[in-house]
Every structure is written in structure tokens, then in C-alpha cells.
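A.B. asks: According to Swiss-Prot, the protein carries these features:
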MOD_RES   1  N-acetylmethionine
COILED    1-284  coiled coil
REGION    13-38  region 'Disordered'
MOD_RES   45  phosphoserine
REGION    53-82  region 'Disordered'
COMPBIAS  53-80  compositional bias 'Basic and acidic residues'
REGION    116-141  region 'Disordered'
MOD_RES   174  phosphoserine
MOD_RES   186  phosphoserine
MOD_RES   206  phosphoserine
MOD_RES   252  phosphoserine
MOD_RES   261  phosphotyrosine
MOD_RES   271  phosphoserine
MOD_RES   283  phosphoserine
């Protein structure tokens, strides 16, 4: 941009110099024309003097001596006049040559002036094109800066969501471990209850065999059986609840893994878009 401005200033300076040279050439031309006019006037005056001398020579040709002297004087004047005429002709020729050179300089100056004006016009058009491109580039950079800020915000949101999902996953994994421990504990208790049920069943069979002997204890045994049955149902209910909890947690883990995968894909896409925007800004 500074180089173009310097070039514009140089072209303007060349234009001003060309105008000055053109004005100087015009002044030289006018001065040469004035000198040529003066020399032509002097030539006409000398021609008039020569004619007067010739007339005077004719007038006094009748007087031999005077005529001879006057003739010699007239011839001398004529010779001087011819010399003056020749000198004037040479001066006129020099003035004409100087006038031709001045006209050539004027034509050269005018041509340079025209070329300088064309170059200045082209430079102005180039400046306008460059300014338009610079304005478009600035607008594009502003848009890319806005897009970059938005991409950074999106990336930051994605990072926060990713961290939140990771924390949730850690919590769920911990809950899953505890649920698995409770399920194992429930399974152990179920096994114990099954063993206890078998023992109770065996005892019940033994009691049934001795029912007649121990009929007075029947109510007590029935109550024990009911209590044991309730404990068995409770254990089975707890085992079913543990199984449903494990199933629900497994589904939650699957959903979170899907969400985590989707967030990773989104984060990857945002990172690629951000890299692309940074590459565009770097290339600019």
C-alpha cells in the first residue's frame, strides 16, 4: 500500500514536471517566434536599406567621381547588407531549428504528460481494486474471527459436557459396582434361604411324621413356617429388585456410553472445523 502511494506521488510529481516542461517549452516557442519576428523585421529593414542604396546608386551614377565613390560606398553597404542578410538568415535558421527542438520537447513533454496521466489513472484504479480487496479481506477476517469464537465456545461446551458425562460415568460405574456387590450379597442370602428352606422342609417332613406325637406344638411350627416363608418371599423380592436395578443400571450405562460417543464425534467435528478455520486464517 505504501509502495503504491509512493508510486502515485512519483507519477503526480512526473505529471507536474511534465506540465512545467510543457509550459517552459511553450514559453521557449513563444520567445523563438518573437525572435524570428524581430529578425524578419530586421531583414525587411535591411532589404529596404539595400533598395534605397540601389536607388541612390542609380541617382548618382551620372557623376563619375561622386558616382564612383558612391558606387563603392553603395557596394560596401550592399556587401554589408548582404552579410547582414546572410547573418540574419543563419540566425533565422538557428531560431527555426531551436523552434523545432522546442516543439519536439513540447511534444515529448505532452506525451510524457499523457503517459503519466494514464499511469496515474491505472494506479488509481489499482488502488481502488486493492482497497476493495482489502475491505473484503477484513470483512472475511471479521466473519472468521466470529466463527472462531463460536467454535471455541462450542468446543468449551463440548469439553464441559464431556467432563460431566465422564463424571456421571464414574458415578454410575461406582453405583454399578455397589449394585453388583448387593446382588452378590442377595444371591448369597438367597442361597442361605434356600438351604434354610430345605432344612425347614426336612424339619417339616419330620414334624409331619411326628404330627400325632407333637400335635400340641403344631401351632408353633406353623408360625415358624409362616415366618420362614415370609423371609423367603422377602429374599426373593429383594433378589428381583436387585436384578431390576442391575438391568436398569446396565441400560443407563449403555445410554451414557452412546451419549459419550456422540459427544466425542461432535467434539471431533468441532475440532476439525476449528482447525480448518485456523488454517484459513493462517493462509490469509
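Using N, Cα and C of the backbone, Cβ positions are placed for all residues, glycine too.
Structural setting of the listed features?
C.D. replies: When other Cβ atoms within 10 Å of the Cβ of residue 45 (phosphoserine) are tallied across all protein chains shown, the result is 12.
Taking Cβ-Cβ distances under 8 Å and a sequence separation of 6 or more, residue 174 (phosphoserine) has no neighbours in its chain. A helical conformation is recorded for residue 174 (phosphoserine) in the three-state DSSP classification.
In three-state terms derived from DSSP, residue 261 (phosphotyrosine) belongs to a helical segment. Long-range neighbours of residue 261 (phosphotyrosine) (same chain, six or more residues apart, CB within less than 8 Å of its CB): none.
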A.B. asks: For residue 45 (phosphoserine), what is the secondary structure by DSSP, using just helix, strand and coil?
C.D. replies: helix
